[in-house]
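Student: I have a structure I would like to understand better, so I am pasting it below and will then ask my questions one at a time.
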Amino acid sequence: MGELQQHPADTPSVGVPFAQRPIIILGAGIIGCATAKQLLLNGFPVILVAEFLPGDQDIRYASAWAGAAWHPAGGISPEWRYLQAITHRHLLRMAHEEPESGVCIVDALEYLEQPPSANSSVWGKAVASKWRDLLPSEYPPNFSCGWSYETLVTDPTHHMPYLGKKITALGGQFIQKRVDSLDQLYHLFPESSVFINASGHGSKTLIDVQDDQCFPERGQNVFYRTDNCRTMYFRNGREYTYVIPRPMSGGVVLGGVKQADDLSPDPDMAIAQDEIARAHRLAPEVVPESPADDALSYIVGIRPSRKGGFRLDAEKLGSRVVLSAYGFGGGGYAFSYGVADALVKMVEEAERENVIL
Ligand SMILES: Cc1cc2nc3c(=O)[nH]c(=O)nc-3n(C[C@H](O)[C@H](O)[C@H](O)COP(=O)(O)OP(=O)(O)OC[C@H]3O[C@@H](n4cnc5c(N)ncnc54)[C@H](O)[C@@H]3O)c2cc1C
């Protein structure tokens, strides 16, 4: 997106004092809401505009459906690792101090099919507590090594409503509305000069964004109700299989699958059966071969994925600054609060330039 031509209608009003000029966030998923919370805690007024709000359920609203585990991603840059590390710090604090946030500390077991590559998830040992290499007797025979550590899981059925309440209590405002463009927002909020695009997959269709790198990536999980829900299992290698505990909902999430450009809202029972079978092979002590039907339910959501990875950058468009934070695919929760803190710094910088000319 290049520099936009500035004309009088595009110029933010100078009449509204800095302290009352809201930062406008498009999108109320985990990225928009975590950012709103952190901005409000730093003294910025915030308005979120979104078609789906915390508590809503639609397959296009990814944040309602995530696992959502904190797992140190392999193959990412040092900058991205740091965003995950900051997220870990926030989640840990919430797990200790705000049980209503739905964040819990659990054990993690990660089994690797191949010896770790140079850029593997082993960097997580500097962040997660109790990191330990497993002895060969502690991982299944068909794996080459493994780790155990303590990690954090976020139950979105608690965390999104928690964020909704927290944002409102801090003075943030939600407006439920679908927009066709960022330009529509500029006209709705002529007094604002900083806009954050946290619209997830919406960035593919917003008229003045139309990011062709964005693509929908369907996820489908099985929720299995069980009391045995304090350990995460992660198969790291050819097969993409996990068992993510959700202690506050009394069960585990079994996955996973990634289906590019598939928007089907209905659970595919062949996929569900395959996920149960894979989860059973990975964690037979938690997932039986044939769980009772009434202990099972199904989760379907669209990950807002982006070729080349997510955007986290600032653009000056005329007199406004637009911060883009979308395309988090399967990692939006693991990056969330690190991204939120990075956006707070970017907003500070943009507003400083607006205020101190
Ligand atoms: C099955 C599944 C399992 C997952 N597991 C994990 C996991 O274990 N760990 C993890 O970190 N992540 C996981 N994820 C990924 C995670 O859910 C996403 O990365 C994250 O939710 C993306 O958040 P977001 O705020 O960017 O987008 P979303 O949650 O999709 O929110 C987008 C927001 O923008 C709004 N919006 C979009 N367009 C418009 C418009 N034109 N007008 C108005 N509003 C608009 C929407 O209404 C919504 O409020 C999983 C996802 C799925 C589907």
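Just so it is clear, glycine is given a Cβ too, placed from its N, Cα and C backbone atoms.
Fair warning: this is a prediction, and the values are worked out from it, not measured in the lab.
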Student: Which of Gly327, Gly330, Gly331, Gly338 shares the D-dopa site with Tyr242, Arg303 per TrEMBL?
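Tutor: For D-dopa, TrEMBL names Tyr242, Arg303; of Gly327, Gly330, Gly331, Gly338, the listed one is Gly330.
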Student: Using the centroid of the Cβ atoms of Tyr242, Arg303, Gly330 as reference, list every other same-chain residue with Cβ within 8 Å of it (recorded D-dopa site), in sequence order.
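Tutor: Residues close to the D-dopa site, other than Tyr242, Arg303, Gly330: Ala66, Gly67, Gly219, Tyr240, Gly255, Gly256, Lys258, Gly329, Gly331.
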Student: Across the domain 'FAD dependent oxidoreductase' (23-345), what is the average pLDDT of the model, as a whole number?
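Tutor: Here the predicted model's pLDDT, averaged over the domain 'FAD dependent oxidoreductase' (23-345), is 96.
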Student: Does Gly330 (D-dopa binding site) have same-chain partners at least 6 apart in sequence with Cβ under 8 Å from its own Cβ, and which are they?
Tutor: Glu217, Gly219, Gly256, Lys258, Arg303, Ser305
Student: How big is the Cα-to-Cα gap, in Å, between Val179 (FAD binding site) and Tyr242 (D-dopa binding site)?
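Tutor: Per the Cα atoms, Val179 (FAD binding site) and Tyr242 (D-dopa binding site) stand 36 Å apart.
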Student: Select, from Val179, Tyr242, Arg303, Gly330, each of the binding-site residues with a Cβ positioned under 6 A from at least one atom of ligand 1; if none does, say none.
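Tutor: Passing the 6 Å Cβ check against ligand 1: Val179, Arg303, Gly330.
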Student: What does DSSP say about Tyr242 (D-dopa binding site): helix, strand or coil?
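Tutor: DSSP call for Tyr242 (D-dopa binding site): strand.
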Student: So what sits near Tyr242 (D-dopa binding site) in its own chain, CB-to-CB under 8 Å and at least six residues off in sequence?
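Tutor: Long-range Cβ contacts: Gly67, Ala69, Met232, Tyr233, Phe234, Arg235, Val253, Leu254, Gly255, Gly256, Ala279, Leu282.
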